[in-house]
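Peer 1: Copied straight from Swiss-Prot:
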- 72-79, 173-177, 242-245: GTP binding site (BINDING)
- 1-12: compositional bias 'Basic and acidic residues' (COMPBIAS)
- 23-32: compositional bias 'Basic and acidic residues' (COMPBIAS)
- M1: N-acetylmethionine (MOD_RES)
- 1-33: region 'Disordered' (REGION)
- 72-79: region 'G1 motif' (REGION)
- 274-277: region 'G5 motif' (REGION)
- 336-361: region 'Bundle signaling element (BSE)' (REGION)
- 361-528: region 'Middle domain' (REGION)
- 544-563: region 'Disordered' (REGION)
- 549-552: region 'Critical for lipid-binding' (REGION)
Amino acid sequence: MVLSDLDIKEPDSPESGLNGSDDMVREHETESKGNLYSQYEEKVRPCIDLIDSLRALGVEQDLALPAIAVIGDQSSGKSSVLEALSGVALPRGSGIVTRCPLVLRLKKLEKEGEWKGKVSFLDREIEISDASQVEKEISEAQIAIAGEGMGISHELISLEVSSPHVPDLTLIDLPGITRVAVGNQPHDIEYQIKSLIRKYILRQETINLVVVPANVDIATTEALRMAQDVDPQGDRTIGILTKPDLVDKGTEDKVVDVVRNLVFHLKKGYMIVKCRGQQEIQHRLSLDKALQRERIFFEDHTHFRDLLEEGRATIPCLAERLTNELIMHICKTLPLLENQIKETHQRITEELQKYGKDIPEEESEKMFSLIEKIDTFNKEIISTIEGEEHVGQYDSRLFTKVRAEFCKWSAVVEKNFEKGHEAIRKEIKQFENRYRGRELPGFVNYKTFEIIIKKQVIVLEEPAVDMLHTVTDIIRNTFTEVSGKHFSEFFNLHRTAKSKIEDIRLEQENEAEKSIRLHFQMEQLVYCQDQVYRRALQQVREKEAEEEKKKKSNHYYQSEDSEPSTAEIFQHLMAYHQEVSTRISSHIPLIIQFFVLRTYGEQLKKSMLQLLQDKDQYDWLLKERTDTRDKRKFLKERLERLSRARQRLAKFPG
C-alpha cells in the first residue's frame with residue numbers, strides 16, 4: 001500500500017492550491033483522503049500497532065524489532081531530516097550533537113488528535129505537552145547519561161511523538177561519524193562511534209538510512225561504506241541526499257544520476273530532500289514553512305524537478321517511502337521474528353526448569369518440596385547404577401565407563417598369565433634347581449608348582465586395588481555431577497549431598513579393598529574342583545600334542561631337551577592359569593560392583609532420605625543461592641513477555 005503526502009502533512013499554504021481550487025477537485029480530494037485513511041487503518045496500522053505492542057511488552061529486551069537506523073558523517077544533515085520527519089526540533093551545534101542512540105517513535109493520530117510526546121531514559125519518563133520542549137529535554141537526557149563532556153554512551157534515549165502530522169515510523173538516530181578527536185573528546189572517539197553504529201546496523205531487522213550531503217563525492221562517504229559492509233547487496237539500505245541547494249553549478253546531473261541509482265547501486269535506491277539551512281534555523285523558520293519551501297525548490301529546479309515527479313524528492317515523499325518500507329520490512333521479518341520468539345520461549349522455558357519452582361513459605365509445603373527434590377535425585381542415582389540413566393549425544397553412561405575399566409583389568413590378567421613358554425620353563429628350571437629335594441629325576445615337585453602359581457597371582461593384587469580406586473573415582477564424580485544437576489541452586493543441600501557422597505565412598509571403598517585383598521589371600525590356597533581341573537589339563541595336553549605334531553612335520557624340527565618333570569609342571573601351570581585367570585578377572589569386578597556401585601548408590605539413597613527426619617533443617621537445606629531467586633524472577637518475566645508476544649502474533653491477521 002502507498003501513502004500520500006496527505007498522511008504526513010496537511011499544508012494550509014497557498015501552494016496547496018496547485019492541485020486544483022474548484023469545488024469538484026476539493027470534493028474529490030476529500031473523498032480520496034477518506035478512502036486513503038480507511039485503507040491505512042485497515043492495512044498499515046495493524047502492522048505498526050503489532051510492533052508497538054511487542055515493544056510495549058518489552059520484547060526488545062529479548063529480540064530486535066523492525067526499525068530504521070539513521071547514520072551519516074558528522075554534520076551530514078541527519079538531525080535536520082529527523083526534525084523534518086518528526087516535526088520537532090532536536091539538539092544542534094558543532095561537534096558531536098547526537099551523543100546517545102535516540103529512538104524516535106512516531107505515531108500518526110487522527111486529524112482531531114492532540115500532539116503529545118514522552119522522553120524516556122534511565123528508568124525515567126518525562127511527559128511533554130509542547131513540541132518546543134523536546135530539544136531541551138533531549139539535551140538534558142544526554143548530559144544525564146553521557147556527562148557534560150563530548151563523550152558518547154550506548155544507553156538509549158527514547159522519544160515518542162504522537163501527532164496527526166507525523167508518519168508511523170520508528171527511527172534510531174545514531175551519532176555522526178567523526179575521524180579526529182577534538183577538545184575533551186576521548187582519543188578513540190571514532191572507534192567508539194563506529195562500534196555503536198555497527199551494533200545497530202548489523203541487525204537484519206534494521207533498515208539502514210544513510211544520510212549523505214549531495215555536494216560531496218558519495219564514494220568517499222564513510223557511512224555508506226559501513227552500511228555496505230553489513231549489507232553488501234543493499235537489501236535494507238536507503239540513501240538520502242541532503243543539502244541539494246549547496247550543489248555546485250554544473251554538477252547537478254551527477255546528483256540526479258546518484259538519486260536514480262546509476263552511480264553507487266543500492267537495491268532500495270535513493271531519495272533527496274532539502275531541510276532547513278543554518279540561516280533559516282537562525283531566522284526561526286518553522287518546520288511547516290520549511291516543507292513548503294522545499295517543495296517549491298524542487299518544483300522550480302531545472303534538474304531536480306523530474307525527481308519530484310518520480311517521487312524521489314521532498315520530506316513528505318521520504319516519509320511515505322519510509323512508512324511503506326517499514327511496513328514491508330515488518331511483513332518480511334514477521335515469520336523470522338515469530339520463529340525467534342518461539343525458539344527463545346523454548347530456551348527460556350528449559351532454562352527456567354533448571355531453577356525449579358519458588359521455595360514455598362508453609363512448613364508442610366517445604367517438606368513436600370524437599371521430598372520432591374531428594375526423590376528426583378535418588379531416582380537418577382538408581383537409574384545410574386542400573387545403567388539406565390539418560391545421557392547426552394556425546395556422553396557415556398556410568399556403567400559403560402566402569403565396564404571399560406573392567407576390560408582393561410581382564411587384559412592385565414591375561415597378559416600376566418600368558419607369558420612365553422620359554423620364560424615359564426626357565427622359571428620352572430630355576431625353581432627345580434633351588435627347591436628340588438630328595439626326589440628322583442622325573443618326579444613332579446608340587447612345591448615348585450605352588451610357588452610359581454602363588455608368585456604369579458600375588459602380583460595382580462595391587463593392580464586390582466588400583467582399578468578399585470579408579471572406578472570409585474569415576475562413580476564418585478558421576479554422583480557429584482548428579483547432585484550438582486539437581487541441587488546446584490541450593491548450596492547447603494548440594495554441600496550436604498557431596499559430603500554424604502564422599503563419606504559413603506570412603507566407607508564402601510575400604511570394604512571393597514578388604515574384600516579384594518581377602519580374595520588374593522584365598523588365591524594363595526591353590527585349589528580347583530577336580531573335574532574342572534582335569535578338563536583344563538586335558539585341553540592343555542591336547543593343545544601341546546597338536547603343536548608337537550605340527551613341529552615334527554617341519555624338516556628343521558629339533559626336539560627340545562627338557563626333563564619330563566619340567567614338561568609336566570608346565571602343563572599343570574597352564575591348566576591352573578586358565579582357571580584362575582577366569583576366576584580373578586570376573587570376581588574382582590563383582591566385588592567392585594557390589595561395594596562401590598550398587599551398595600554405594602543404595603546407601604546414598606537411604607542417607608539422603610534421612611535428611612527428611614530433621615524438620616528444623618528444611619529452611620537451611622532449601623536456602624537458595626543469592627542470585628537464584630532473582631534469576632528465576634527474571635526468567636519468568638521474560639517468559640511472560642514472550643508468551644504474550646506469541647499470543648499477539650497468533651492473533652495478527654497478516
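Cβ coordinates are placed from backbone N, Cα and C, and glycine is handled just like the others.
Worth saying up front: this structure is predicted, and the values here are computed from it rather than measured.
Buried or exposed, and what's around them? Tell me for each listed feature.
Peer 2: All protein chains included, S75 (GTP binding site) registers 15 other Cβ atoms within 10 Å of its own Cβ.
When pLDDT values are averaged over the region 'G1 motif' (72-79), the model yields 84.
If one looks beyond the region 'G5 motif' (274-277) by at least 6 residues along the same chain, the residues whose Cβ comes under 8 Å of a Cβ in the stretch are 77, 80-81, 83-84, 242-245, 285, 287, 290, 293-294, 297-298, 314-315.
Taken through DSSP, the region 'Bundle signaling element (BSE)' (336-361) splits into 20 helix, 0 strand, 6 coil.
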Peer 1: Near the region 'G1 motif' (72-79), which same-chain residues lie under 8 Å Cβ to Cβ, leaving out any that are not at least 6 residues past its ends?
Peer 2: 90-92, 95-98, 173, 176-178, 210-213, 221-223, 242-243, 275
Peer 1: What counts of helix, strand and coil residues does DSSP assign across the region 'G5 motif' (274-277)?
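Peer 2: Summed over the region 'G5 motif' (274-277), the classes give 0 helix, 0 strand, 4 coil.
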Peer 1: Indicate the candidate from L174, I177 with the smallest number of other Cβ atoms within 10 Å of its Cβ, considering only these binding-site residues.
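Peer 2: Counting other Cβ atoms within 10 Å of each of the binding-site residues L174, I177, the minimum falls on I177.
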Peer 1: Using DSSP with the three-state reduction, classify G72 (GTP binding site) as helix, strand or coil.
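Peer 2: DSSP assigns G72 (GTP binding site) to strand.
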Peer 1: Hey, of the binding-site residues listed (K78, P244), which one tops the CB count within 10 A?
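Peer 2: Per the Cβ count within 10 Å, the most buried is K78.
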Peer 1: Taking the Cβ of G72 (GTP binding site) as centre, how many other Cβ atoms lie within 10 Å?
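Peer 2: Excluding its own Cβ, the number within 10 Å is 28.
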Peer 1: Check K78 (GTP binding site) against DSSP and tell me helix, strand or coil, would you?
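Peer 2: Note: K78 (GTP binding site) is helical by DSSP.
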